[in-house]
Every structure is written in C-alpha cells, then in structure tokens.
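**Student:** A single structure is presented below for examination.
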Amino acid sequence: MDNYGYERSEPPGMLPAVGPIRWDESAPDEVDNANEIDQDFQLGASFLTLTQNNTIEVIQPIFKAIQAGDVKSLSQIVAVDVKVLNSSRCMGLAPIHAAVQTQNIGILRELLNNKVLISTTDLFGYTALHIAARKGWHEGINELLEFGASPGKMMELSSTVKQIVGESPLHIAGRRGDLQAVALMLRKEPDITVCDTRQCNLLHLAASSHSLPIITRLLQEKQCQQMLLDKNWKGNSVLHSALGLKSVKEVKESKVFDTVKSLIDAGADINAINNNGETPLYRAALAHLPNIVGLLLRLNADPTTLTTSNHSVLHAACSAGSCESLVHMLRTGTVSDYISHIDNDGNEPFHLAVKSCSSSCCEALLQNGDHLTKKDHQGNTRISLILKCLPTATQLISDIFDKHISISKISRHDPDFQVTFDYSPILSPNTNTLQCSVISELSSSKLEVFFKHPLVESFLRKKWNCICMIFYLYVALCFLFLIIHTSFVLLTYGSPLKQNNSEQHLGQIQNSSNLNITLDVVSTELICVDSIWCTYTTTLACLRAVYIVLGIVIIVPELLMAMTNVKKYMQFWENYFKIVAYSTSMYVVFTQNLSSPSAILTIERPVAAVSALFSWAVFMMQLGRFPAFGVYILMFTHVAKSMVKMLLAFSSLIIGFAVSFQVLYRDQPWFGNFFYSFTKTLMMMIGEMNYIEITRSETRDTNNAINILGSIFLVLFLFYVTVLMTNLLIGVAVHDVPVLQRESHISHLSLRASFLVAYEKTWLYFQNISFFPKSVLNLFARPCYINPMKKVFPNKYPKNKRLTILSETIEEAIDICSHQGNEDNIFIDNEDEDPLKSFKAFQFLYFRDKKALNNNIKQMVNESKQYSSILEQMQLLHKKIDQQDYLISNLIASQRNNN
C-alpha cells in the first residue's frame, strides 16, 4: 500500500522526475519566473496525461471524478468520506489543485462547499489561488476569493525545491499583466507593498510586463510612492524593470514609452542606479529605444554615469547599433569626453559600433569629435577598423567624403560660384602625427578607388603641388645614384681581363692550393681587380662616401615605411625589387675584396649583374609617378603579371618539350643539360627555331626513328607553343589595355600617395632627433601642412591660367553635391538672372545627364556582348548534344537490327 492506503502494481515513486529549477543569476528580472510557468503547465499536463492513458493502475476515484467533470460522482465520494478532500494526493496535487487545473467551476464549487482546505499547497508550495492566477482563470479566482483565499499569501517553499521565487497570487497576476485578476484581488485590500523573495514589489512586476492599466491602478494607491522607490535584489528600480532587455523585445516601443512616462510622472527616479551601475538611460540605450532615450534626456537624465564595467551610455547605444539614441546623447554636449572612453574590456564606443555593424553610429561619432586618424590603445586607427571589420566600409567612407564637399547656392556659371573642399576628415587634428595616415590606410587596403574621389584627389593634388619639387630632387638623386652605380659596375666587372694578370693569379692559386685549374677556366670565370681599385684607393673611398650619403637619402624613407608596418609593406611586390636592388648594390660596393690586392671576385660578379638590373627596374617604377609615363609603366606591370600567370599555367607543357628536346638532341650544345634545354625552348617560343642548326647532318642521330620523332616534336612545338600560346599571350595583353588605361589615373594617384606618406614619415623621424638642425626641419616641414579648407572659383580663373585642381575633379564634386539633393545649387530659377547664364546652366545639366546616359549605354552594350557570347556557346553545346543523341539513336537502331 502507498501512503494513502491504495494498492499499486508498481513500486512507489510515480511522481514525475522534476529536478530543481535553476535560474541564471545574471538574467533580467522580467524573465525570472518564465521557466516556473512552464514547469507548472508541465505538471498539469502530466496529470492529465497520466489519468487519460491509465499509466497508473489505481487512481483514486475522487481524481477520476474531477478529471471527468462529474459533480454527482464527486458528491457521492465526499458523502462517503469527507476526509478524502484534504488527504488525497495524486502527483503531489490535492483535489482542489486538480479542480483548478481542469478549470471546472462546478467541481471547484462542490469542493469549496464541502469545506476543502483552500490554503493547501502542492509540492512547489502553490495554493489553488496561485495556480488559478497562473492559469488566468478569473472565474475560479473570484470563487476562491469569495471563500477566503488570501491574494497576499506567499508560497510555502519546500526545502527540496531550490531557487524558485516565492511569490503571492497577486504577484503572479501582476507579472502576467492580468488586470482583471489584479482587480479581483485588490478588492480584498491586500498589502501591495509586500515583495517576493527577490525583493520585487507588485509595481516592479507590472512594469516588467508593461501593463499600463495595472500600473495606473497601483499608482492610485497610497503606498505608490514607497513602491516607486523600492529596489529589488539587483538594485533595480521600477524604471529598470520596465526597460529590461528581454521584456522590451516582445512589445512595441510605444507601449514601453507609455509605461516609462507614467512611472516618471508618478515620481520614479530617472537617475536611479542598480548594483551594476546602470541607469534607466543606459538600459534604454542598450535596448534600442531612441524615443525613451530622448524622453529621459529631456527630463534631465544624467548621461555621464558609468557602470561597474566602466561602460558609458555611448557604449550602450553603439553596442545596440542605435544611431538615434546616440545622436540624442551627443546633442546634449555633455558626453564629448566619453567619445573615446575605454571600458574594462578595452573597448571604446567606436569599437562597439563597428562590432554591431552600425555604419550610422560610426558616422555619428566621427561627426561629433571622433576622427578617422585617431588611434586606440592597440595602435589601430578608426579607418583601419572600418576597413577591416565593417561590411559597409566603402559606403560609409564615401558618405563621409561626400558630406565634406559643398557648393555655393548660386548659378553654376556665376563668377562667384565656388566649390569648397573640407579636408578635415583626412587631416589629423594632431599636428605631430602623420597627416596622410588616411591615405596610407586606403592604399594598403586595396580601396585605391577612393583616390578618384574629388575630395581625396584634390587633397593629393594640393599636397603634391607643395612637395613636387622635393620629389623631382629625389628622382634626380636616384638617377645620380643609378648612374654612379652603373659606371662602377661596368668599370669593375664589365672590363675585359688582361692576360698577364690572369696568368699571374693562376700561378698564385696553383701555388696556394691543390686544385688543378687550367688557364682557360680562370680567364673565363675569375676577375682580377688590382689593376683598377687597388691603384685608386682614394677614389674608392670617395665613391663609398657618396654611396653612404645617397643611400641615407634613398633607403631611409623605405626603412621607415617598412618599420611602421612590416606586414603592409611586404604586401606589395615592388618593395621586393627595392630590397634586392639596395642590398645587392651595397654588397657590391662595400665588399672587402675590392680593396684587397690580387683578389678573385667569384660571387661579386653575378651579384653586380643582379643589382644593375633591379636598380634600373626600381627607377622605372619611380618614373611611374610622372603623368607622362605612369600609364605605360602601369600597363607594363599589369601585362607582366598576366603573362607570368599564363606561363605558370603552361609551364608543364614547356618543361615537357624541354625534356624531350634534351633527349632527342643530346649531341647539340644548347641541349646539353636541362637548364640549357629549357632556356633554348623559351627562346624558341618567339619563333627563333634555328631549324637548320638543330637538324644539320653533322649532328643528326643515326637512328632515323629519332630524327623523324624530333621533326614531329618540332612541328608540334611550332603549332602549340610558338603559334597558339604566343598569340594567346598577346591577346591577353591587348585585352587588358583598355581596362588599364581607365585604371592608370588611380594607380598614378596611388604612387603619388605612397611618396607623400614616405616623405611625412621621414620628416617625423628626423623631427624626433634632437641634434638634427631645426632650420632644415622647418624648411622641409612646410609641405607637410596645408590649409584644411580649399575654396575654388572655377569661373574666375582665366583660360590660360592653370587651376590648382583639375576641372574634371571640380565637375565630379558638383555632381556629388547635386546627388545629395542640391540641384538648386546648380540651376536656380531666378527671374532677375541673366538668361544667358540660365541657358548655360541648363546646358551643363543637359551634357552631364547625356554623359551619364552614354556610360549606361556602354555598360549595357558590354553586358549584351557577354550575353551574346554565352548564348553562342550554349547553342554550340546544344548542337553537340543533338549530334550525340543522333549517333546514340543510330547505334541503338543498328543493334536492334543485328539482334
């Protein structure tokens, strides 16, 4: 038998395995009881399921009657034994609990009329009124209240049930936002100031459910002022509860707004601080509620309070990606000192704005005191964070640059018409830092297309006009260095050997070693230099001094660029050319063997050849900064990259032919080993087959099969490599030329930008050297600083005078302003205006729109050509498929006939 005198066919322990409910201590207050509601419903559902499926063999008759809703059977059971009302249990539920679970008013009244104990609790300490409040069963609540159920009775928590919030039925109704249930319970005049076990009063719970009618009803009570000032176990006030993160996501902002406003009007503290240091303003910003943020700020909420995590309200707004909230707080003018404030995790508001992918928040911060060049504690600038982490970086930077271009609100052809370029987003506010840091980041992020933006292009042009003479001087020094180095290499390593010196050195080598070296080998591979620099040691010393001076001027800027950011520096292949050229040049000149008598230079000779080639290649790249040569050098480098890729793709075919020719023509000197064979094969690609020399009778093999196979391989090489591959390479090069011509201007600006950055970094480096002459620094410092505002009057300059900014750049700037809604700036309908000026303004708009239309037509033509080519390929593919189908059908038909 069990505890109630009933036999069971199964051992005890039939109660459902309900473990203790665990709560997240950091969870907001408004969801503290969410899992409890689910647990209660699970318990009721289990009761219904068990009784319907007969999983328990013997169920007390009273519970069967309650489940079936049979009032007559219930009356008969109670008439036999009235004690069963209070002593019976099924799954921990008393009969009155089961009646409330089934929500049968007839059953409940029958139980109440028979004096059932209303205060009986279940396993979790809930009374029948608790369960009715959870169910929202108003009829049952009213009936229980009429029979004396207490709405303020707290739960009797069992010691086996951990971390469940103890609350009264009134708390449950308030938390659920059940106005009717609260109104029924308030008629019994309970103590509404009583808090649950987490120190939440009824107003806290109503605020978390955003039930404005309940809040309005409670604020009419005398104890409302005390409830407004009460704080729960986390130190949250009623405003904190109304602005909980989880609760506000489920309702509209207007409903939360009305809740907050009613609480503030009643006297709630808008600057209350909880245990985490959070204010209602902080929670509103974190919950992305801009209207409430604006309301709190209008009511003098303090936006300067910091949380225990050192978060400001700006951190909260940026973390939520709420630009409107951020703008509300920035307009107060009291949070300017917190724009760069660092929290305990090392994050500034800008970091959180980037992490939330909110470009609008980033733009708002940049417009209100932050700057693209500002660095964080790790040395990362704002623009580098944008380029690395923000998906909409291109659009954000473009919008920032566009908003710093303006035009006057007069006719386009008026003499006083002006275009204003504001370089404040590019220039760093700190004069002791790099002024071109934004340009440096753009060039290293593969977003060089921004160099064509009117603001950036005009900035680069203005800066270049200040520094161009220094660049020309730098190029002249590079050319001087190149001429001196080339002359040195030719004098030292390019002069023919004297026979007597070679014989003398051969004798020295044979006397000092055991090697058997012939005179012919020495005369072809070794160079004796005692006849040149051993005689002119003073000249060599002067030459090395010149090398040191020119090396400082040329190499130091490159070293500063590399040391600033090695990773970025090594991303550009041009820098590898510079490293090879400078290192080999210094090695060749400063080697000890030059000044030692009778030295044999075996390593220096190939190093000198490498240094000469790479030095002239680097100078070629320097010429790319000149407008006249830039486009051609750009075309050369791009075509070279394409051709290298093509050769790598077909390298296996070339290697195959090289090996075959070495095997077939092994007696030929140019096919003697694989290296010679591969070099000869590459030479044959341009058509220099030298067929007669290869197949002449003196060197032909006696095996005719090898001769025939060699001829076949030569024919195949002529067709596949010399004809097809060479024409393919030419086609690829010609195909890229139109694209390269369009991109040449951007590349030209990029080269100029790199020189500007190198110049400024060099100047900053020497500025930190105390013994460097200040007069020289001041002389070279002038090009580093330009006026942050540039006003251009394109109609006031005579035609023979050159504008400091290109006319194309000015036209693009005007076009940007027109797209920003400033069409009135270009053409103003003024009755007093000269008709000729009005016509010219209209003509300008006409040609501008015509140009844009032509560009769109060209793009459509290119797309149509691609479409037509794809369509032709598909048609050919369909033809091949039809032919295959035809062949397969004929094959099947022939097989059937044979069978």
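Glycine is treated like the rest: Cβ placed from N, Cα and C.
Automatic, uncurated: that is what TrEMBL annotation is.
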**Student:** Between 202-219, 670-687, which stretch does TrEMBL give the note transmembrane segment?
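**Tutor:** My reading of TrEMBL: the transmembrane segment range is 670-687.
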**Student:** What stretch, picked from 471-493, 545-564, 607-634, 708-734, has the most CB pairs under 8 A with the transmembrane segment (646-664)?
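**Tutor:** It is 708-734 that shares the most Cβ pairs under 8 Å with the transmembrane segment (646-664).
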**Student:** Average the pLDDT scores across the repeat 'ANK' (124-150) and report the rounded value.
**Tutor:** 90
**Student:** By DSSP assignment, list the helix, strand and coil residue numbers for the repeat 'ANK' (345-377), in that order.
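**Tutor:** Residue counts for the repeat 'ANK' (345-377) by secondary structure: 15 helix, 1 strand, 17 coil.
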**Student:** Please report, as numbers and ranges, the same-chain residues at least 6 past the borders of the repeat 'ANK' (234-275) whose CB is under 8 Å from any CB of it.
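**Tutor:** Same-chain residues near the repeat 'ANK' (234-275) but 6 or more away: 27-31, 200, 203-205, 207-210, 212, 215-216, 219, 224-225, 227-228, 281, 283-284, 286-287, 289, 291-292, 295-296, 299-302, 305, 308.
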**Student:** Restricting to the same chain and to residues at least six past its boundaries, which positions have a Cβ under 8 Å from a Cβ of the repeat 'ANK' (124-150)?
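**Tutor:** Cβ under 8 Å, 6 or more out: 37, 39-40, 43-44, 96-97, 99-101, 103, 105, 108-109, 112, 118, 156-158, 161, 164, 166, 168-170, 172-173, 176, 178, 180-181, 184-185, 187-188, 190.
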